[in-house]
């Protein structure tokens, strides 16, 4: 492969957690890596692509650590309902009908939305994962993929699903120029009986892969866990051995001090899904306490059916806002921390240690937002603007793994027109079937 | 004036609170009024402008019932600070330096942002209000304007400010083709001593105008009111006679059942400012209880310095989300109710009874959003998409008082380039002075 080199000239760069969080200067990308960032202008030899960085704010691509991309087909199909009604009367009957083709177009719709909105990495837990991986290959996005398994079924079906999850994880790990990694993912402690759950733990050990599951999203589910197994979900998962693997749990809304301590001790990440947790009335996660305890907190959109968009800027802002309002402390989750949660901590939470920051040696996954717009002026503090004022639609350019995938707001790797049409057709088809 | 007529052909129209909340059909606008909306295609005579409504979702313009537009100059200038530090070290020292020119450009920046984001009416409480009115005249937006008066000053200064407030309210009421109405606005019970406050009540009676003030935004301010005057703010304002005038209060975060009952009895509106209340850690207003008691709830962005944008779609979504999450009830503030709060109830709250709905005889203040986008597909429930998925930047066209002011995302009444430059210059000047 011929090597490529790009220089961003005269831009502003967000580097939260450093002495100069808004750096004015230059950044060089060679192949898939950031090889320079600083104030000195690098030499632009022949064949180097120079990008004018004025009017633009560069930041790490956003990392979405929990979701079900294909569920975008059910966006707006059932809102403002009690959780059980929503699941049993709306989501499950429709999801049962999903074919691989539906998953392909639903995932395409979501990946298109995510890329255009500045998300460069997403975690996806769903079914028909080969079709999801196809979309990832084609689109140029980075992802962590896993077959999510619900084990409320006969043993034979359980074993079939488990085998599917294992074979998917083995086949796709490291594929698409390394943009795809995989995990092992029993859906939740309340949908996978203990003896089945431990088979996933064993598989994760065998394949040397991390694990992901839903945990403590609702109060009811925590109470039921105590009834069924005599302990709360964190102790339950610890007992089943999940935390002997590198792990990330989604939601973690209802946690005791003791549970937070256990998660911190095992370095288990928590994917905070503020939009979904509010919309489904699950509650408000103890994010400031998790951070204080040293737990890796990251952000997930969850599926679009419970969000109802995949705008990670919105999740980042919700995180910076809600925990202030609920705690009464206006200094809770300050802007630089919210940004790191949405980027750097996100990448670390899904075990991508070379993603999530603008720094030499990191993967060139970054985005540029147009800062010469009324709602992003005056230029007082651009980091604050990125967190408190911007939205997905301010994203002008997106690079993943060193390749530009969104240019002037248009995705250059996917056929947007076809995806829009096919996604609508898929939904119409689901309604009819 | 030559009469004008426009027909919107083949659009989708949001009419929440009716049997058919998403109507497919036609709408006719003659001069400043909606004269037809329905499924029959109206006759397009010569000289009638026909707008193709396909790909577009039409809805009433959003109504922002509390803000300080010029404060956009301080967007991002001080975040994540304790309220007193933010006010005393950041906001007040800068605001003290605001000239009429600063107010003009700060307001222009905000009006530009609001119009482009689908807000067709805004309430503004600030200083140098003549300059604010100029922006309103020029831009074509609708507004309710008032000089907000802080009375923590010698009597002579107090009286001067009061006279200014009265003369502004008298001079501008009904101006700009009726797009400007005015109110009388003592800043807050904690910044206006009782004897001064009652002079505003008297002035409002004399001019036959409504009143607006900040009330019960923070717990601390409520407690101080009890210390100073022996009662909570609602009883205090009732005693001072404010509620003998048509009134709307901003924030109303900390309210008892009894206070909610008093507000309902006097038909006092509450401008809910969710973004600002979260960011400043003021708390979460009792919106579902207010609605249940029959109080008119509307939405305000507050100033951009505590928000930090003026995206009313975001406030609408926050309202639909937060109260579910905090109450534990996923049916709280359903999408149609959130939309009405952001439009119809907003207009009623600021006493504009012919604004806020798409219906015959109403003012033609409406917006169109581009619904053929990934995050607004598939078309399951377009009302849900408007509330849960859309943002300011999805707005394609905006009409106020029958005139189109935003066309394909560009504001046609204001010079955006000049405003962006001047707003930045104003901020730079404030920093230097």
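Any Cβ shown, glycine's included, is placed from N, Cα and C.
Quick look at what TrEMBL annotates:
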- B:59-405: domain 'Amidohydrolase-related' (DOMAIN)
- B:66, B:68, B:214, B:302: Zn(2+) binding site (BINDING)
- B:95, B:147, B:187, B:217, B:302: substrate binding site (BINDING)
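A map of TrEMBL features onto the structure.
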residue: B:66; record: Zn(2+) binding site; Cβ within 10 Å: 28
residue: B:68; record: Zn(2+) binding site; Cβ within 10 Å: 27
residue: B:95; record: substrate binding site; Cβ within 10 Å: 21
residue: B:147; record: substrate binding site; Cβ within 10 Å: 27
residue: B:187; record: substrate binding site; Cβ within 10 Å: 20
residue: B:214; record: Zn(2+) binding site; Cβ within 10 Å: 25
residue: B:217; record: substrate binding site; Cβ within 10 Å: 26
residue: B:302; record: Zn(2+) binding site; Cβ within 10 Å: 26
Once the DSSP letters are reduced so that anything not helix or strand counts as coil, what is residue B:214 (Zn(2+) binding site)?
strand
DSSP three-state assignment (helix, strand or coil) for residue B:147 (substrate binding site)
strand
What Cα-Cα separation, expressed in whole Å, is found between residue B:95 (substrate binding site) and residue B:68 (Zn(2+) binding site)?
11
Roughly where does the domain 'Amidohydrolase-related' (B:59-405) sit in mean pLDDT, to the nearest integer?
97
Take the C-alpha atoms of residue B:68 (Zn(2+) binding site) and residue B:147 (substrate binding site) and report the distance between them in angstrom, rounded.
10
Cα-Cα distance linking residue B:302 (Zn(2+) binding site) and residue B:147 (substrate binding site), given in Å to the nearest integer
15
According to DSSP, which of helix, strand or coil covers residue B:68 (Zn(2+) binding site)?
coil
Between residue B:214 (Zn(2+) binding site) and residue B:187 (substrate binding site), what is the CA-CA distance rounded to a whole number of Å?
6
Looking only at DSSP and grouping its letters into three states, which state does residue B:302 (Zn(2+) binding site) belong to?
coil
Rounded Cα separation (Å) that holds between residue B:66 (Zn(2+) binding site) and residue B:187 (substrate binding site):
12
